[in-house]
Amino acid sequence: MDFQAGILQDGSPMESLEKQLICPICLEMFSKPVVILPCQHNLCRKCANDVFQAANPYWQSRGSLISGGRFRCPSCRHEVLLDRHGVYGLQRNLLVENIIDIYKQECSSRPLKKGEHPMCKEHEDERINIYCVTCEVPTCSMCKVFGAHKDCEVAPLQTIFQGQKTELNNCISMLVAGNDRIQTIISQLEDSRQSTEENSEAAKRELCARFDALAALLEEKKTELLQRISQEQGDKTAFIQSLICQYKEQLEKSSRLVETAIQAAEETGGAAFLMGTGTHISMLSLPRIVEASKGGRLEKIEQGYESMDAFSVSLDHLTEAVRALDFDTAEEDEEYFDGEEEEVEE
């Protein structure tokens with residue numbers, strides 16, 4: 001017996017109850033309803049199994065080696081996780097089954113009133129009970145025998161109804177399965193996006209660490225070379241400073257000799273000059289003055305001694321190497337092309 005919506009009057013409590021007992025997949029009353037945990041929505045066991053099979057195409061049977069599976073509730077899109085028993089592991093909703101039995105009994109006990117079944121417009125006393133396949137419209141038996149559809153091909157209304165309902169159910173199942181596949185792809189894309197972000201951050205950290213290590217190495221080498229330059233600078237300036245002190249001492253002695261020689265030159269007496277009495281210089285000191293006038297025998301620095309050209313460093317090759325720095329993509333490209341070649345060979 002077919003219990004369709006519209007048998008009872010609109011707005012009646014039984015009609016409201018009927019709407020609560022309709023499966024969202026097949027749009028019929030529940031058949032062996034099951035409870036979808038944890039969202040507590042109901043589905044026919046067959047509809048739940050169809051949705052589950054569409055979402056898990058590799059899950060073969062209850063004896064499959066694949067353990068469990070998942071699909072989304074068509075009412076609230078909540079993800080349902082199943083064990084190795086699949087849909088058969090879900091609990092039956094006996095309360096809903098009892099309510100459906102009571103509802104069917106109540107409907108069967110009510111007499112069918114005129115006007116509760118669609119009637120033919122051409123023959124007011126005839127119910128619409130057949131389907132014109134040629135015109136694709138429901139009609140009555142009188143229309144087939146005497147009316148506009150007497151030359152058309154007809155079929156039982158219930159047969160066409162069940163066929164289209166089955167086709168609709170199949171389309172709904174395909175839509176639900178397609179939605180699940182799309183949701184799966186979205187989840188995979190979101191996981192890929194998150195993995196991309198995490199891998200990018202890791203690559204940035206690694207790159208910064210490598211450049212920091214390189215900068216630390218360059219700083220260490222710079223400090224070492226500066227110390228060598230400072231050491232050479234200290235040695236040379238110390239040597240030059242020692243020569244300056246020696247020449248200043250020699251200059252001081254020479255200046256005293258000049259002063260003494262001037263005083264001697266101012267002596268008017270020949271005997272006193274030659275005897276070297278008083279503060280005047282004697283004839284024996286003349287060789288010393290002559291030697292002092294020659295600048296002495298002090299050490300001198302070589303030409304270019306102050307140059308530091310030996311500590312010049314060329315960084316051109318390092319500069320070019322830094323400018324040429326890039327990511328190591330050669331191996332990845334090689335693997336990529338090798339993979340393409342293998343695919344072509346296959």
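Placement of Cβ uses the backbone N, Cα and C atoms for every residue, glycine included.
Now, the feature entries from TrEMBL:
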- 23-77: domain 'RING-type' (DOMAIN)
- 115-157: domain 'B box-type' (DOMAIN)
- 179-268: coiled coil (COILED)
- 265-328: domain 'COS' (DOMAIN)
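Mean model confidence for the domain 'RING-type' (23-77) is a pLDDT of 74. Secondary structure of the domain 'B box-type' (115-157) per DSSP, as helix, strand and coil residue counts: 6 helix, 11 strand, 26 coil.
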